[in-house]
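Structure, as structure tokens:
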Amino acid sequence: MATMMIQLSNDCWSRWGAVIRKLAEKYNFPASNQDEMNIFLRIFAGNGSTFRLTSEPWKFIMDVTRRGNVIDDIIAITVMAKVMEDPRRNGKAKSYEQQVLSLNDEIRSRNPRFPTRNDLSQQIITLDQLVEEKSGELAKSKESRKKWKNLAVERREKVSSLQNDIDELQDQVTTSEEMKTTTFMQELDALKQKEAHFEKEKEAFWKEKEDFDKEKRSFELERRNPSTTPRNPRSRNNATETRLRNLTRFNEELEKERTSNKQSIQVLQDINNGLRDRIKHLEDQKAQADTESRMQMKEMGDELTNLQRNIEGLELERKKHIETHQAEVQELTVTNARIHNSRRSVDHYVYNLDVRVKRMEVQAKQDSDLITKLEAENQIQKDQVTRAEEAQRRAQKEFQNMVSRHMDQIAGLKHQIRDKDESLRRSQNDLMNARATVVNLQRENETRHQMSPTQSHPVISQSDLETQQKLRREADERITDLQSKLNATELEVRAKTTEIAALGRKCADRTAALDYQEKKCFDYASKLATMRSELEAAKSRAEGAEERCAVEVAGLKEDAEASKDRVHELEMECAGKAAAANDMEKRCRDKEAWRSSSSSSEAQWKELCTKSRSTEESDVAQR
């Protein structure tokens, strides 16, 4: 497996660059810039979040948070220095003075027995990154498998192309040699046939020439020895002439044929010269073809060597890939077990979520019932508020009418009281006048009695006495009437005052009742607004709970399906890697078989070339 390249993010370096430069300046930290920091981080492997480095006389511990191979942030950098030997351990154990550099360059002590504060955050990030990292690893595995497949296909195509080129070259060379050999043999056969025909014609010509010479010698002999001639010379002469003519004609034909044979011989010589040139050209072509074939065979040998090296490299890569695949299979087995445990925990979590969902559904149903009830109560309260407002308006209207009536009544009563007061003052004045008159009359009577004491009974006329008595009775009656009117007026005034006070109290009660109704209406309105806000909040909570529940259930279902798919994909990947390993072994065996077959075909090709060369040499020797 390839070594991970841990890198520091740019944001992290922008925050911690000054601290790291200060560490490099004061404490001999091995990195002073971002590139050196990345090179320093390459010596570490694994997925840990704590990096330790020991160099005399300092020891550095760096706690980080990371996402895969990228460090997002540095929690703290701990610097420890050896200050003394620990006497309690006989000078063997080191005693360190520990300092922690935080982001704002503060130096504070830390107890090394307790974990750093990045553990919880790192665990949270690790839990958050689990699906993402596994997805990335799966994507990388898919990418590497795809790359391996593409490389294998490319190598297979290259080997197939080389094999096809070798086969084509062998076919071309074989076809060319066969064509050249066939053409050469055909030309040789044609030449042999022409030579045989020429030899036959030559033998026939020489045979006829010998016959002609024999006849000529016999004719000369007969002509020299006439005694031996027959007795019928005419017939003999005729026969001889006939034969001579025949021989002459035959001789002419032979001359013509001889001329044509000379021409044919010249043509054959030209053909022979052309064939020699052709043979030389063919030999040159054969030498060139041999050179080219040797070069091609050398190139093919080099390609075969390269292929063997490639095959050996592929064997090593296959072994490495097999080891890598075995390690990946073990890792995938562990991952599968962990995923299985995670799936069980996810199933348990899904079960708990189902229970929570059911509870939330029950709660949502209760909330909906409560919302319905609150809406009904709200409607009832709205109706009550409407009726109360209507009653308030009616009460205000009646109160205004009553107040106007009472004001009118009070104005009338005030007017009546003023009239009564005026009549009372007049009655009091009349009463006072009557009393003054009675007092004056009594005084006059007393004066009269004093003036005439001897007269016990003054002489008063009967008419005057009756008149006085009548006046007195009238005065008494008027006084009594006025007194009764005054008492009645006072009683009426008291009654009116009491009625006015009662009306005032009634108005105050009505005003208080109106204020109470207004306060009650305001309380109803505030309660209604509160209930509306509670209703909206309950609706929003119910909707939010439903949405969160749906999102959580969907997310958990997706996570469960993704986990199942990942497990299935990992199983398929393991099977694919095993099949790829088997395929690689099969290809290696095929290549070994092909190498053996190519070596045998090369031997056959050399044998064929040797046979062709020996055949050509024998033909040339025969010619």
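From the backbone N, Cα and C atoms, a Cβ is placed for every residue, glycine too.
Residue ranges 124-151, 152-179, 264-291 are listed, and TrEMBL annotates 152-179 among them as coiled coil. Ranges compared are 68-113, 298-343, 528-573, and TrEMBL records coiled coil for 528-573.
Within its own chain, the coiled coil (357-398) has Cβ neighbours under 8 Å at 510, 513-514, 517-518, 520-521, 524-525, 527-528, 531-532, 534-535, 538-539, 541-542, 545-546, 549, 553, counting only residues six or more beyond its boundaries.
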